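**Student:** Straight from TrEMBL, here's the annotation block:
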- B:9-48: domain 'NLE' (DOMAIN)
- B:113-154: repeat 'WD' (REPEAT)
- B:155-192: repeat 'WD' (REPEAT)
- B:197-243: repeat 'WD' (REPEAT)
- B:244-284: repeat 'WD' (REPEAT)
- B:364-405: repeat 'WD' (REPEAT)
- B:406-447: repeat 'WD' (REPEAT)
- B:448-481: repeat 'WD' (REPEAT)
């Protein structure tokens, strides 16, 4: 049972006679004692009451932390309002809408050096290994289907322009036309925009050189895309034609090729 | 028999105003421009008391239709063979004097100056041609020593990107203004801050000093801002003189003319002409259908350089410099009112003669995208325009006729600048290159790659020996021959 005053006589009395002289002292002590009391209760309590108590305590703690944080923010030195934003543009380019501005991509020497080393700093550095039996399906041939030298690629592939299939006798690897891709959705990391760009070729499939040769597009494959419509230029003032991009999804599952441009 | 060309033809030299120089004389039909120039120079030495070296620029056969034909190879090849003019009649050959000095083309990058920590938005050579100022997104203005091509001073004071720097015509002060709406005047030699002038509520787009021949102390400065006002400041008393606020949209460009007029171009599609002593609106030039982005005066170069001419003479006192500046101004205008050209987002340019007429002289069409920058050649005969359609176009500044289109950039052209002898143009582009164009052949003379990113600004020293460019890649490059 909690004591509930029936009228406002307490307030009235305080107003009339004031508080006890040691009121503040007693209050401080009581509050100081309260945490110990709470602790004892928390240790002793069991069952449903414990559940309810802990829930209440949890909410209180969250509230407390929030309040502390607010105070800290108030006390902390305000973030510099006069910070100068990045990416200065001259007055004649200000307020022009639809202008996406990205850094001109790497210079040619760097690009060439990278190409030579065959190493790129790529967004997906590690890929899951794909075993040959997952990559290829064995096709049996011969009159009695006893020969099994033919393979069908079960992944998405890029097949160059003007490719004609070899005669069946010599065609060891079949790349199904349903799984061929000509375009990729390439995201420019700085522009934060995605473009549907034609694929020029498969530069490297990290799984194996054979897959590179076959033009297999798996996650992590570095492809070359035609970026001429992006209007990027080199330091020499020429329009960049081909740039590398890395495939970021599993095209065989998704039905499209998503890639990230390597800048 | 009829197609046989005679050996000699009767020719007459006429200047641009149509005045005949000399009585008709017989010249060989296969005379080439160099020989014509020789003849002309000899004639002029006799006729004109003050000796000026006139070189041959353009010849023409002035038929009744006043069709001009440039003489490239010789009189026979260009005019008689194509049957442009009958050999029976007198050939009227129009001559145009060219600059007596020649600027050598800039061909190489002599230094890449790093220091700015953000894109460089504006570079400007001092009128005397000994100092270079650059302003950038890192809120600083830097002055570079051109003899050693090293940093001279770093001017800190702005709080936001610095958009524009302007040298006073006596090279004593440097004014800078930017996104923080402040104009700061610096003492150029010492790099000390002279004064800060606050008042604009939005960013400042351009600055213009009062020409030297109107005020030898270079005491006043106009600034145009995005808040729609143009303010005129007094540098000596460090205060605002008056504010002109008739524009209803951001003012993008301001020019202080040599006849005591201030011209301003705004995004409210108008150009306004103000009187510069009290700030009264004189005229409103209407015609553009979209933002007016850029203005150029036929006297821009002479107003910018003041008393400094190609001889590099130093004047003892202000009045002497003023006298020389006035003399140069009069020589440049040749008694005619100054002309104004405006470039706009509506892809056109207009040629105006603001002091006489509020109607345009000519509407110049041809660009397929925004005209970002226009510039008069120093001799006031040509106009170059830079556009986002990747081309630079050359126009006749007398009539506004289209002359030629200079193609070669693969991205938007941001700025153009003339060499001080009016024979070459530099253009800065988004494709990270600068290209040098020759006016005579109307072809690219030199390609200057080297910047790693968009080139925002370019300037050619009035002395002609150096050019400077500032880019988004944070470097400033100095180019020389």
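Placed from the backbone N, Cα and C atoms, the Cβ positions cover glycine too.
Describe the structural surroundings of these features, if you would.
**Tutor:** Counting only same-chain residues 6+ beyond the ends of the repeat 'WD' (B:113-154), those with a CB under 8 A from a CB of the stretch are 160-171, 174, 176, 178, 184, 186, 188, 190-191, 304-306, 308, 312, 453, 456-463, 465-466, 468-478.
Mean pLDDT for the repeat 'WD' (B:155-192) in this predicted model: 88.
Using a Cβ-Cβ cut-off under 8 Å and counting only residues 6 or more beyond its ends in the same chain, the repeat 'WD' (B:244-284) has close neighbours at 202, 205-211, 213-214, 220, 222-232, 290-297, 299-300, 302-303, 329, 333, 337-338, 340, 342, 344, 352, 354-355, 358.
Residues of the same chain lying 6 or more positions beyond the ends of the repeat 'WD' (B:364-405) and with a Cβ under 8 Å from any Cβ of it are 16, 96, 98-99, 293-302, 332-333, 339, 341-345, 347-351, 411-418, 420-422, 425, 427, 429, 437, 439, 442.
Taken residue by residue, the repeat 'WD' (B:406-447) breaks down under DSSP into 0 helix, 24 strand, 18 coil.
Residues 101, 103-125, 127-129, 132, 134, 136, 144, 146, 149, 301, 304-305, 308, 310, 312, 411, 414-421, 426-436 of the same chain lie 6 or more positions beyond the ends of the repeat 'WD' (B:448-481) yet place their CB under 8 Å from a CB of it.
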**Student:** With DSSP, how much of the repeat 'WD' (B:197-243) is helix, how much strand and how much coil, in residues?
**Tutor:** 0 helix, 24 strand, 23 coil
**Student:** Can you tell me which parts of the same chain pack against the repeat 'WD' (B:406-447), counting only residues 6+ beyond its ends and a CB-CB cutoff under 8 A?
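**Tutor:** Long-range Cβ neighbours of the repeat 'WD' (B:406-447): 98-99, 101-103, 105-107, 301, 310, 369, 372-379, 381-382, 384-394, 453-464, 467, 469, 471, 473, 479.
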**Student:** Pull the DSSP breakdown for the repeat 'WD' (B:244-284) and write it out as helix, strand, coil residue counts.
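**Tutor:** With helix first, then strand, then coil, the repeat 'WD' (B:244-284) has 0 helix, 23 strand, 18 coil.
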